Amino acid sequence: MHTIPMLFKISALLINPMKRQTSRRPTSSLPESQNPQLNSTTGSAVAVTGANVEKIPGLNTLSVSLARIDYAPGGLNPPHTHPRATEVVYVLEGELEVRFITTANKLFSKTIMIGEVFVFPRVLVHFQKNNGESPASVLSAFNSQLPGTVSVAASLFATDHALPEDVLTKTQRWLIRLRK
């Protein structure tokens, strides 16, 4: 009986776990604060430093990855989702307003401070904002080697072909009716 080694294909990454070598298991550290500056194009002032399987191949098949996120005062990590992971954030510095929306359109929000943890369930739209006057930083942990990030705004308005105007108009009307 022959066994076929499993191949894991995620994005453009193809690694056979049977052929992993210890030399492919580098250790890495997340850098010190990236000191994000206000981006005049997006209005964001956030720096995300990821540590996933694309940067650390030794994470292959381990279902775990990390990211350090640094926020300038007023910095916003805009509404987004992670299609393949739940995210747990731990505040290293400062304080953040964190929110997520359930599939029943219920909004959960909290202000988290140094040493506190908040969980964003898989696939749910969420964001973080630094309302403070000093920088903030978090360490984010994901239960996926490659959690993915889908920006809500980019998905709707930055596609290679614009959404039809009638779709946007009808969606706006639908949203207005929902709010009443």
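Every residue gets a Cβ built from N, Cα and C, even glycine.
Listed in TrEMBL:
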REGION    19-43  region 'Disordered'
DOMAIN    32-180  domain 'Cupin type-1'
BINDING   N77, H82, E87  oxalate binding site
BINDING   H80, H82, E87, H126  Mn(2+) binding site
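Recorded features from TrEMBL, shown on the structure.
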residue : record               : CB count, 10 Å
N77     : oxalate binding site : 23
H80     : Mn(2+) binding site  : 19
H82     : oxalate binding site : 22
E87     : oxalate binding site : 25
H126    : Mn(2+) binding site  : 23
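Sequence-ordered, the extra residues of this chain that approach the oxalate site, with Cβ no more than 8 Å from the Cβ center of N77, H82, E87, are A67, H80, T81, V89, F120, H126, Q128, S140, F142, P147, T149.
Residues H80, H82, E87, H126 make up the record's Mn(2+) site, and a Cβ search at 8 Å around their centroid adds T81, A85, F100, F120, L124, V125, P147, T149 from the same chain. Within the model, the domain 'Cupin type-1' (32-180) carries an average pLDDT of 90. Under DSSP, residues within the domain 'Cupin type-1' (32-180) fall into helix, strand and coil as 24 helix, 57 strand, 68 coil. Distance from the CA of H126 (Mn(2+) binding site) to the CA of E87 (oxalate binding site) is 10 Å.
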